[in-house]
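Accompanying notes for the structure given below.
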Amino acid sequence: MIRRNFLKSAALVAGLASAGAVAAQDESYTIGVAIPSATHGFMGGLNFHAREAIERLEATYPQLEFVLATSGDAGKMVNDVEDMVATRNIDALVVLPFESEPLTAPVQAVKEQGIWVTVVDRGLSVPGIEDLYVAGDNPGFGREAGEYFVEQLGEGDDIVVLRGIPTTLDNERVEAFEKAIEGSGINVLDMQHGNWNRDDAFNVMQDFLSKYDKIDAVWASDDDMAIGVLEAIAQAGRDKEMWVVGGAGMKEIIKRIMDGDPQLPINVTYPPAQIATAIELTALAMVSDTPVTGRFIIGSQRVTPENAKDFYFPESPF
Amino acid sequence: MTETTATPNPVRERKVNLHVLGPVLALVALILLGAFLNSNFLSYGNVTNVLARSAFIGIIAVGMTFVITAGGIDLSVGSMAAFVAGVMILAMNALIPVLGIGVPLVLAGMAVALVTGLAAGLLNGFLISKVGIEAFIVTLGSMGIYRSLTTWLADGGTLSLDYAARSFYRPVYYDGLLGISWPILVFALVAILGELTMRHTPFGRYCAALGANEQVARYSAVKVDRIRMGTYVLLGMLVGLATIMYVPRLGSASGSTGVLWELEAIAAVIIGGTVLKGGSGRVWGTVTGVLILSLIDNILNLASIVSPYLNGAIQGVIVILAVVLQRGRKSAD
């Protein structure tokens, strides 16, 4: 973590030095954006959409200026946020907390200085600090997938589930999924953690395939895991036997749904572009009187072959 | 420890067998447990799966055995594998217009992987043996460097091999000779060659001599720097070889490829009876160690007797037990 931060802080300091000279005029505003660095597919997508939104807004509103900081861990993120307040005199902060607990007090301190605070995706541990909360819908993510399983399967059908890294987020998704399929007679043979990782998911699925002769469907709960799962199924030559539902809307998967792949009937979104929503709304709050305070929960939508083209972003890394 | 002498002594054969027994016993116990818990455990499909997926860590761990025997350590192999995979995928994608899809493309990709691995190992080895920085620090640094370079190359996302190229290359992981898949064959070959090199070549003996006592090795006219550098270069090339087997499996690389492989490889080496501070290395032991680690995962998935939250704890206990068993035997000599 420390290693990764070294270059980034250097870059940030350089950025601060060059832009710090631009004095804040009365009607100009500076918005700080603090997000985790692009360590895996989803965060890569999030970084991409954050940069895109900033570019777009800087072109639209010349009076807006942005400071973007990406951090490899919570401690670094706290430093970044403090630096933004101390040296850039930000008027608003958009933050996706690396972890809820360590970021709560520093963000609260920012709020107490009268700075607008937008919190994205992971909430702070004390409610009511932020002016605006933008997030994806984790229970909805599990529920939407579960409802599709109930529509397609019935009494006595067998499924396996791959879970993510053990976290609250994963628990919320899985609980909602289990609740959605309750009473449908669908039999969950097994659940194991594939850690949102292709290789881990490949290994877990290989073992599921050795263990169970009959599997009707797989809830891979993530698109990276779905890739590993599909490969394991192909290796076992059981492609005709079961379908797979991933999640989050990775472009390769969306493309295959668009092409009508029978193994990938649907997907459930959990868009990394939610950071763009947060930045846009914050910008609106700065430049206009549009009321944007409150909570903005982005629904988890079902992607089907019919609507897949609306969710396909070939330029994004995710 | 009396194994510092370079020449093998036939009289000690019996004792060596006792040393070997610890990890082998653990492996046998795991196999029995697996067979008892699930009837599919010993099926052809499952055995092939476990062996093939052990191959990446296994090939790397054989190289790691030499590094550790010579008194070094390499923490960068996991991120190096990710980096080599990334470079290989980019190179292959870029070469498609020139070479078309076919054997030359795959061979070019393999060459790129080996050369990148060799260069990465050479860099580690150079900084450690010529510049004289501690191996732990150098490879901790290069671990971060290769990992972020991979993330940077992938723009925070995933690098994917062109679909057609991947379909052509795929059999390298999934097919094989006489029902034994290529990764297993390559792993076996690397293990056999590694064992021969360790036991029957000057290089192997110099590694042990260097790990046991550098001063003595230096006075005995062992070219210490060159041997030390050699171990890191060998490891780098084996990382390249492992990547050649890895890329056709999923056809992609990202910042999360190969996470913690270094620790798995080191754990496998130590479980197998190589001493962490150097001086004595056993390639067969390393192979046993690798198999133990993959079997634990496999059995936990097949059996689902405990909460998956506890998988890590069970792995930890078995790793420590395997070493305790082996050390117990040793002190009983």
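Cβ coordinates come from backbone N, Cα and C, glycine included.
A TrEMBL annotation is a machine prediction, not a hand-curated record.
Quantities reported herein were computed from a predicted structural model and do not represent experimental measurements.
Annotated features, as they stand in TrEMBL:
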type	residues	note
TRANSMEM	B:20-38	transmembrane segment
TRANSMEM	B:50-73	transmembrane segment
TRANSMEM	B:80-99	transmembrane segment
TRANSMEM	B:105-128	transmembrane segment
TRANSMEM	B:135-154	transmembrane segment
TRANSMEM	B:174-196	transmembrane segment
TRANSMEM	B:229-247	transmembrane segment
TRANSMEM	B:306-325	transmembrane segment
*Do the transmembrane segment (B:80-99) and the transmembrane segment (B:229-247) share at least 3 Cβ pairs under 8 Å, sequence separation 6 or more?*
yes
*Which one, B:20-38, B:50-73, B:174-196, B:229-247, B:306-325, has the most C-beta pairs under 8 Å toward the transmembrane segment (B:105-128)?*
B:229-247
_Distal contacts, the transmembrane segment (B:50-73) - CB-CB under 8 A, six or more residues away_ = 81, 128, 135-136, 139, 173, 181, 183-184, 186-187, 190-191, 194, 197-198, 204, 206-208, 210-212, 214, 227-228, 231-232, 234-239, 241-242, 245-246, 261, 264-266, 268-270, 272, 274-283, 286-287, 289-291, 293-295, 298
*When you check the transmembrane segment (B:20-38) against the transmembrane segment (B:174-196), do you get at least 3 Cβ pairs under 8 Å, counting only pairs 6 or more apart in sequence?*
no
*Is the transmembrane segment (B:229-247) packed against any residues at least 6 beyond its ends, judged by a Cβ distance under 8 Å, and which are they?*
55-57, 59-60, 62-64, 66-67, 69-70, 72, 74, 77, 80-81, 84-85, 88-89, 109-110, 113-122, 124-126, 128-130, 161, 169, 172-173, 182-183, 186, 190, 203, 207, 253, 257
*asked:* How about long-range neighbours of the transmembrane segment (B:135-154): same chain, 6 or more residues beyond its ends, C-beta under 8 Å?
replied: 67, 72-76, 78-80, 82-83, 85-87, 90, 120, 123-124, 127-128, 253-255, 257, 262
